[in-house]
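Positions annotated as zinc finger by TrEMBL: 12-40, 149-176. The annotation domain 'C3H1-type' is assigned in TrEMBL to 12-40, 149-176. Annotation comment: TrEMBL describes 65-147 as domain 'RRM'. Summarising the annotation, TrEMBL assigns region 'Disordered' to 185-237. Here TrEMBL flags 188-206 as compositional bias 'Basic residues'. Feature annotation from TrEMBL assigns compositional bias 'Basic and acidic residues' to 207-237.
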Amino acid sequence: MINCYCLCHFYFLNRVNCSFYFKIGACRHGDRCSRLHNKPTFSQTIALLNIYRNPQNTAQSADGLRCAVSDVEMQEHYDEFFEEVFTEMEEKYGEVEEMNVCDNLGDHLVGNVYVKFRREEDAEKAVMDLNNRWFNGQPIHAELSPVTDFREACCRQYEMGECTRGGFCNFMHLKPISRELRRELYGRRRKRHRSRSRSRERRSRSRDRGDRGDRGGRGGRDRERRRSRDRERSGRF
Ligand SMILES: [Zn+2]
Ligand SMILES: [Zn+2]
């Protein structure tokens, strides 16, 4: 006999896949979504949820009319964050194919970082380890993500500068890093071994000193100063 429970269970098991979760790895309905969020058991990609804090979203001037953080300062802050996370991922878990950060404002996408590793094993290792760690005073929430093709996940209108939905768009608005940093991080591919041994050396030097840089006071710094601060901060993550 088919009772109500059986029917509900039948519909539950036969739910349609949520296309947002499938493409973007996040859906605004979260666990309450009526469609199925098919969480992967293997993936090259991991998502670190709500981990990047854009200083422009939090720092408003006293009059509340203009943002207290300039675009240049915001970009510097972002590049530092990106470089720190990217480098940490490669040094601790394995080669990163690409990393992307959402500039969206909706709760399910704000500050999400997606790291696509070359090997699935590295992604699995990263998720297990990162869920026991903290970043900027908050526990990290990491999970395997179904996203492997970021072109599918991205908002095309945003890329053309035409998205009318703004920060609350449900497709990814990926925040670009500076061209200089892009060249430096993705260019490492070719000279990997050299750069790896150099960064390991940097790391042990910073441990010897045992001090940490402060996060404030930006503007007008050159690249070398920024690097030395990164050295000091390494290990914070
Ligand atoms: Zn959904
Ligand atoms: Zn959009």
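Yeah, the Cβs are placed from backbone N, Cα and C, and that goes for glycine too.
Just so you know, TrEMBL annotations are computer predictions that nobody has curated.
The list of residues near the domain 'C3H1-type' (12-40) in space but at least 6 beyond its ends in sequence, with Cβ under 8 angstroms from a Cβ of it, reads 47, 49, 106-109, 112, 114, 143-147, 152-153, 170-172.
Here the zinc finger (12-40) returns a mean pLDDT of 90 for the predicted model.
Note on the domain 'C3H1-type' (149-176): DSSP counts are 11 helix, 3 strand, 14 coil. Under DSSP, residues within the domain 'RRM' (65-147) fall into helix, strand and coil as 33 helix, 21 strand, 29 coil.
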